[in-house]
Amino acid sequence: MSSIAQTAKNAFTTMTQTEKVAQLSNNFTVNTEASGAHLTTDHGTAVADTDNWLRVTDGTKHGPSLLEDQIAREKIHRFDHERIPERVVHARQALGAAAHGYFKVYDNSASKYSYAGVLTDPSRTTPVFLRFSTVAGSAGSADTVRDVRGFAVKFYTQEGNWDIVGNDIPVFFIQDAIKFPDLIHAVKPEPHNGVPQAQSAHNNFWDFAFQQPETSHMLMWTMSDRGIPRSYRMVQGFGVNTFTTVNAEGKRFFVKFHFVPELGVHSLMWDEALKICGQDPDFHRKDLNEAIDNGAYPKWKFGMQIIPEGEEDKFEFDILDATKVWPEELVPVEFFGELVLNRTVDEYFPETEQVAFCTSHVVPGIGFSDDPLLQGRNFSYFDTQITRLGINWQELPINRPVCPVMNFNRDGQGQHRIHKGTVNYWPNRLQAAPPKPVAQGGYYDYPQKVGGLKQRARGAKFNEYFNQAQLFYNSLAPIEKMHLIKAISFELDHCDDPQVYISMTKRLAEIDLDLAQQVAENVGGEKPSQAARQNHGKKSKNLSQFDLMPENPTIETRRIAILVADGFDFSFVEAMRASILGAKALPFLIGPRRGSIASSDSKLGSLPADHHFEGMRSTMFDAVIIPPGEKHVNTLAKNGRAIHWVREAFGHCKTIGAAGEGVWFLRTAVNLPGVDFANNGSGDAVTSSYGVVTTEKYSFTSSALEPIKFATGNGGFLSNFATELSKHRCWARELDGLTEQVAY
């Protein structure tokens, strides 16, 4: 704004200033550079360091964070309590999704690392409650936004509750918990206008990311396809922090926890995720319930990465740094059990909304490390739950342990228990509720030797920020790199402060020159001519989603749309539905109207459509099938929405199948570029091209009665269709530029 315009604006503001505005101005606090203000505590003491929790350290290795740090505790405490309860009316719907299930170990092989019964006793079936969530959005924001997903598991063990409060990404943005308020303030809506909602595509977040280079690795993960999962059932779960375990001989190990989904790790496409935000903002929650209600129980293998005490210093990174992974070539994951979700919640509020997790909830045989992010989380989570649910939050049914609870904690808001007896302290004359010796099952605190200075500092290895960002980027498949570049370009395009996007495009040159150049060209940044640091070229396994495909190909729980209009081939549709259900996938009939759709054979009658073209879009499904039937396809060919349905599915790289006249519809009406189709006279031969599977003739002998074989080119129409669908998407379409030629 010009100085003249600014002067005019100021004059107008002065003229129109109300008495109330003048009154409010007495409370204005200016935190711009020009104000000359410095950071202080709430009681006015100047703060010299707001990035490091006071801890014991020798300058190389981290020791425990200290509770005496009033500056850190005030910062976290104020952050934990800065929200007030939502309005009952005009409030957003509560956020998150959860389900009940169980955990069971295969055998006692974990006993060499821990004496925790939940990890070592194969005769146990431990109840669990798993809650998924997003992070950046307010309650009620859409499920499919680009974000980290919370993956929090409460194990109701016989020795007490054990909470793994994790994410679907193995690293985090920051190293020290004292920075958590800054991170969340930066990613949440900007303070001057309260936008954007549930989106990191704005100035403050990317400014923070540039100012705090330790975010670089996590940025690669969230801007990758990991940030927009296809389903909660198709995400990994990670404990993120470094914990410890102790075995029966008293030997300690450093561990990271892993959950790997049986269905593989899969994502949406960005255009698809954006559309679902408006078409069905509860998509992931519905998907979870749909799978469980249909008996397709989500399953994860549980494993641990394990480093014996004494070997923690042999790596180039610090194993306590939450912005780093432990590469699996160096520290393999050992699998010990399975987690299964098999029951939906009965009522959302008392279960999903009131469940509360704490990283500090562990059981004998499991403990903590000096991970500085974990040390702060242990303080913060407990503090937060008191604000949310009151001091007696652990007495709520969903949080209550299944084992007996006995102590001398008393009273407080929401107290459920009525304590009978005459003593409420220890020691007491009745010897009531004495402590339990370690030998009898009391919690064992490992006698860790601690030495160093009390100071605000981080270990030397914590000061390296880019090696693993490069490692992750190098490990991605070409299509994943393309998506990551597009994602960062989208985000920075929403930043309207040139200082932000110019700075970040320079920062990307610390990770990869080609990445930085492509993003800079897209967003108007300064295109670097050389790398700020050389890419080391190393890769690691299981960082790409393509490394985490299901062990056995499957289409289980996949949602398949069968497009129908009056005159469809009844026998074909029924055969498809039966085979799809037999493979534990879910078929849906989509027609011009919900309700009865007449088939081409009056003797066979009609079938009810589950949804109509306008009411349910292709974004909600994993694949599309076009049945035979001349009248049926002629109707589809005259319906712009039906044509868009298929073009959009093609643009989102989804599997498309067609038979008989359905092939004509794809070839002529939809006009999919670069795709080969089954030709006239080819009989029941199947053509599979760029994930589009077609056959001119469909018969029961060639396809309907044949079991599905997951191998391209083998078997009939359905086997080829299922094989393509089991790959999740046909990414070659996008890599070869076919999707750019279709309007969707």
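Backbone N, Cα and C atoms are what each Cβ position is placed from, and that goes for glycine too.
Keep in mind it's a predicted model, so treat the numbers as computed, not measured.
The active site annotation in TrEMBL covers H90 (among others).
Annotation source TrEMBL lists active site at N167 (among others). Long-range Cβ contacts of N167 (active site) within its own chain (separation 6+, distance under 8 Å): V148, R149, G150, F151, G237, F238, V240.
According to TrEMBL, the feature heme binding site maps to Y381.
TrEMBL lists 40-434 with the feature domain 'Catalase core'. Mean predicted confidence for the domain 'Catalase core' (40-434): the pLDDT average there is 93.
Per TrEMBL, the feature region 'Disordered' maps to 523-545. Same-chain residues lying 6 or more positions outside the region 'Disordered' (523-545) and placing a CB less than 8 Å from one of its CB atoms are 225-226, 264-267, 325, 327-329, 333, 466-467, 470-472, 474-477, 480, 489, 492-493, 495, 498, 501-502, 504-507, 509-513, 516-517.
Counting only same-chain residues six or more apart in sequence, the Cβ atoms lying under 8 angstroms from the Cβ of Y381 (heme binding site) belong to V165, F357, C358, T359, S360. With DSSP states grouped into helix (H, G, I), strand (E, B) and coil, the region 'Disordered' (523-545) comes out at 2 helix, 0 strand, 21 coil.
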